[in-house]
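K.L.:
Have a look at this one before I ask anything.
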Amino acid sequence: MVETIFDLPVEKQIFYAVLGFSWTVYLWEAYLSYRQRRIYRTTTHVPQELGKIMDSETFEKSRLYQLDKSNFSFWSGLYSETEGTLILLLGGIPFLWGVAGSVTTRFGYGSEYEITQSLVFLTLATLFSALTGLPWSLYNTFVIEEKHGFNQQTLGFFLKDAVKKFVVTQCILLPVTSLLLYIIKIGGDYFFIYAWLFTLAVSLVLVTIYADYIAPLFDKFTPLPEGELKTDIEAMAKSISFPLTKVYVVEGSKRSSHSNAYFYGFFKNKRIVLFDTLLEDYSPLNKTGEPQAEQPESDETSSETKAKPKNKKQGCNNPEILAVLGHELGHWKLGHTVKNIVISQMNSFLCFSLFAVLIGRKELFVAFGFNDSQPTLIGLMIIFQFIFSPYNELLSFCLTVLSRRFEFQADAFARGMGKASELYSALIKLNKDNLGFPVADWLFSMWHYSHPPLLERLRALGNVKQD
């Protein structure tokens, strides 16, 4: 008689179901990427409808860049999936938990010090992840991004940055985890409510302090100089009652020539951050060849970033920057930020509620090699990462669909401010600067794109004239 998965013990069923779903998701993602790679390979000429938007040279550069990124994603994804499978099959999680126990025992802490052992386990796990991911990150930065003209880092800067990120992450992760585990331990029957409130408080604090205290550890933030652009930004913010307090320029060019803009802060304390690579008159990539006195740099920046080659004119002019900010402020005015926070916290509460129901099920721990103990941290990992994975995939897709809807609405808001033409040209410029490929497979874009494809956004903005 042939034994099926349903004839196995329940813990084995759980294990193989988790493994099977993980590979199902990977194969689905690989299929979608294959469809998109086929677009990259076969679309070698600018389609007629893109003729006025993108020249053939930029089109070819973006095609090759995205093809390289897609190939890299395939191999890194295959490695990640294989590594995760081997860790599960070979009992890597209980093994590392045992190593953490041995470390804590050496320092006189027995098995009753579960939170201490959990923190050692977490440190070792994140260290392992950082080390195994380092070669892939190095290749992505110094081969792919370098090849296509985006990387601005030296190897020394990159490694220093990686160490700094790891240390800062541990300084936040370990105290937060220890407090969360303690709350779960002492919270009684309603621990899931206290745990959810704690994570809510932590997320609000991190959002509040990130740009002021954490981000400056990695990038240089300077106030936008007084002038026409700052005056126009403040006037636009005032026109929609956006409580703007400061406008910063972040030195993103020392890391990459990609560009971005965002706002942050709560209540009456909003700040706007512009990447220097977004500003046509501010981007160092447009200043190569000018006298050094016109490009003030810190000693650290000049020694740890590469000499910047002369590229095409990058960034947006002032009216286009205002249009981009009109889009970003549209997210605030239309309540998208608040809606995303509410959805996130509703999801968090639901997950903690289900965690409270499942944490007592011994078979979940046995399925992953924990026959004699049920550590809370391991329970969080098993339930949130493995058991919830089908729900997480569905939620991720739904949020992607919602995000695209929000992007169209924010574009419409900017158009309502009379900035359709400027946003139209800004989107084209940003697409060129970041080598975005404007042709997408419908299934790939539907599943992955949090922002609508360029052509769809331009069509939605209407027929506006370009220079």
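Cβ from N, Cα, C; glycine included.
Got these off TrEMBL a minute ago, pasting:
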TRANSMEM  14-32  transmembrane segment
DOMAIN    36-220  domain 'CAAX prenyl protease 1 N-terminal'
TRANSMEM  86-107  transmembrane segment
TRANSMEM  119-139  transmembrane segment
TRANSMEM  166-184  transmembrane segment
TRANSMEM  190-211  transmembrane segment
DOMAIN    224-462  domain 'Peptidase M48'
REGION    286-315  region 'Disordered'
BINDING   H327, H331, E407  Zn(2+) binding site
ACT_SITE  E328  active site
TRANSMEM  349-370  transmembrane segment
TRANSMEM  376-402  transmembrane segment
ACT_SITE  D411  active site, proton donor
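Could you give the neighbours, burial and distances for every feature on this list?
P.N.:
Counting only same-chain residues 6+ beyond the ends of the transmembrane segment (86-107), those with a CB under 8 A from a CB of the stretch are 15, 18-19, 113, 116-118, 120-121, 124-125, 128, 368-370, 375, 378, 381.
Below 8 angstroms of C-beta separation, residues 114-115, 118-119, 122-123, 126-127, 130, 191, 194-195, 198-199, 202, 206, 214, 217, 376-377 of the same chain, each at least six residues beyond the ends of the transmembrane segment (166-184), sit close to that stretch.
Residues 172, 176, 179-180, 183-184, 221, 248, 264-266, 271, 273, 344-345, 348-349, 352-353, 355-356 of the same chain, all 6+ positions outside the transmembrane segment (190-211), place their C-beta atoms under 8 angstroms from a C-beta of that stretch.
Taking a C-beta cut-off of under 8 angstroms and a sequence separation of 6 or more, E407 (Zn(2+) binding site) has the following same-chain neighbours: S450, H451, P452, R457.
Shown in sequence order, A261, Y262, F263, I272, A410 are the residues of the chain, 6+ apart in sequence, with a C-beta less than 8 angstroms from the C-beta of E328 (active site).
Here the transmembrane segment (376-402) has long-range neighbours at 14, 18, 21-22, 25, 93, 97, 114, 118, 121-122, 177, 181, 184-185, 343, 347, 351, 354-355, 358-359, 364-365, 367-368, 370, 446-450, meaning same-chain residues at least 6 beyond its ends whose C-beta is under 8 angstroms from one of its own.
Cβ contacts within 10 Å of D411 (active site, proton donor), excluding its own Cβ and spanning all protein chains shown: 26.
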K.L.:
Is it possible to get the count of other C-beta atoms within 10 angstroms of the C-beta of H327 (Zn(2+) binding site)?
P.N.:
24
K.L.:
Between H327 (Zn(2+) binding site) and D411 (active site, proton donor), how far is it from one CA atom to the other, in Å?
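P.N.:
So the alpha carbons of H327 (Zn(2+) binding site) and D411 (active site, proton donor) sit roughly 5 Å from each other.
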K.L.:
Which residues, in sequence order, are found in the same chain with Cβ within 8 Å of the centroid defined by the Cβ atoms of H327, H331, E407 at the Zn(2+) site, excluding those residues themselves?
P.N.:
E328, G330, H336, F406, Q409, A410, D411, F413, A414
K.L.:
Calculate the distance in Å between the alpha carbons (Cα) of H331 (Zn(2+) binding site) and D411 (active site, proton donor), and round it to a whole number.
P.N.:
9
K.L.:
Just to confirm my parser: what is the rounded mean pLDDT across the domain 'Peptidase M48' (224-462)?
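P.N.:
On average, pLDDT over the domain 'Peptidase M48' (224-462) sits at 86.
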K.L.:
Within 10 Å of the Cβ of H331 (Zn(2+) binding site), how many other Cβ atoms can be counted across all chains shown?
P.N.:
20
